[in-house]
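Q: Structure provided below as structure tokens; questions to follow.
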């Protein structure tokens, strides 16, 4: 009996641990959030850019039918009408094709899933043609009725966990995930996505759902589809949106036993550092000492689709594409540092925080336009196509699991470190030049700085760094240069 219990416990532990695995293809790391992109465009991006540049995954916007709202704001995607795969990004056939094409080039798909709630009042018509009556909690496209929702109440006090989890977030009709029928419908929806070949989920508004209910839902999910290259028995990677800056009734620690969490403290802290409110020298103990969840439970980012607009957490400290020099430095640090599972943001430009993606006619999403230097236009920012970011994804892949070594700082805002003997980075956020002989940890030779340029054959389009037989190199980063970071690695050796 004891042996049987032990086996059951070990089996449960194996299942639990499996959902912390990103399911990335070997030798790849780092995902990108292609916010509001169309499925056909993502498929092409996987084949033409993400795959060749070593990206491991793509987070996509919600895939299921949402309410059509006036002026088509981005947040309409977070107001579900049904679980039909029909949105402005495309239909089920297009989504299935995208997942297959991305998997074929080693890029995994992670879906932003919304099942805390359904649409708020006014969301009577959906992108797939379904109708609903949010005011009476009737969503025939699922179908859900008033029996499937929590009683109507507002969230006014984040120190009351019951209110946060049982009441309505900004008027969105709050589903009761403890209801077995709701659980059935959610599992059916997620399992369908698993059948189509996705690798995991970002669970929207997880903080507003009871961990015990989520545990039931996650525990019922089928294993990943081996036809898409996943190992037998693999579980979906789960990352839960839990905004925990401290001082509230709900803690991320209630969720880290179930999956990874969106570590908003990382975003807030990295913004403060590279905006000059904290010194770079303090980054020497970056990680859990800063109040972050454990590395394998932390999805880390510089900004996300919410907090780049002032929603969520971080406020004015959050760095976005609108502060490009510091944004590139913070992104390079995140990708160079071994902590967490990094996610790169890929935005559309906005001046109004409600503004939706670029369209051709006010409704249909426009495709990004690509320039000769890899950057985007047509209203798309495409931070993932900035050389300083995509070359650091390659850096992360090159250094693998090698530890941080050879830490150096000037007691202020100049730092450098190596990742074992495979990569080296230096940062200058002071208002004077960095000019020092530093230990890179790398083998002797000439290396291409992958921030100022790229390795092209046996030459470099940017600066080069000469490493001596002792591993040292003269590192220069002028305070007025376009980039306050320099990076070299073994795959960029000339």
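Glycine is treated like the rest: Cβ placed from N, Cα and C.
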Q: Taking 101, 165, 220 as the options, which does Swiss-Prot list with 116, 174, 208 at the Ca(2+) site?
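A: Swiss-Prot names 165 for this Ca(2+) site.
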Q: If Swiss-Prot says 202, 304 bind chloride, which of 265, 343, 385 does it name for the same site?
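A: Record check against Swiss-Prot: chloride site with 202, 304, extra candidate from 265, 343, 385 is 343.
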Q: Radius 10 Å, atoms counted are CB only; among the disulfide-bonded residues 102, 376, which position scores highest?
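A: Answer returned by the neighbour count: 102.
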Q: Take the Cβ of residue 460 (disulfide bond) and count every other Cβ within 10 Å, whichever protein chain it belongs to.
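A: Within a 10 Å radius of the Cβ of residue 460 (disulfide bond) lie 21 other Cβ atoms.
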Q: In angstrom units, rounded to an integer, how far apart are the Cα atoms of residue 306 (site 'Transition state stabilizer') and residue 202 (chloride binding site)?
A: 14
Q: Give me the CA-CA distance between residue 376 (disulfide bond) and residue 167 (disulfide bond), in Å, as a whole number.
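A: Each residue's Cα considered, residue 376 (disulfide bond) and residue 167 (disulfide bond) end up 41 Å apart.
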Q: Taking 8 Å from the centroid of the Cβ atoms of 202, 304, 343 as the cut-off, which other residues in that chain fall inside it around the chloride site?
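A: Here the nearby residues are 31, 33, 59, 112, 239, 241, 262, 299, 301, 305, 345.
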Q: Which residues does residue 167 (disulfide bond) neighbour through Cβ under 8 Å, counting only same-chain ones at least six apart?
A: 150, 153, 154, 155, 174
Q: Give the number of CB atoms, excluding that of residue 19 (pyrrolidone carboxylic acid) itself, located within 10 Å of its CB.
A: 21
Q: Report the nearest neighbour of residue 343 (chloride binding site) in space among the recorded positions 19, 102, 382, 460, comparing Cα positions.
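A: Its closest listed neighbour, by Cα, is 382.
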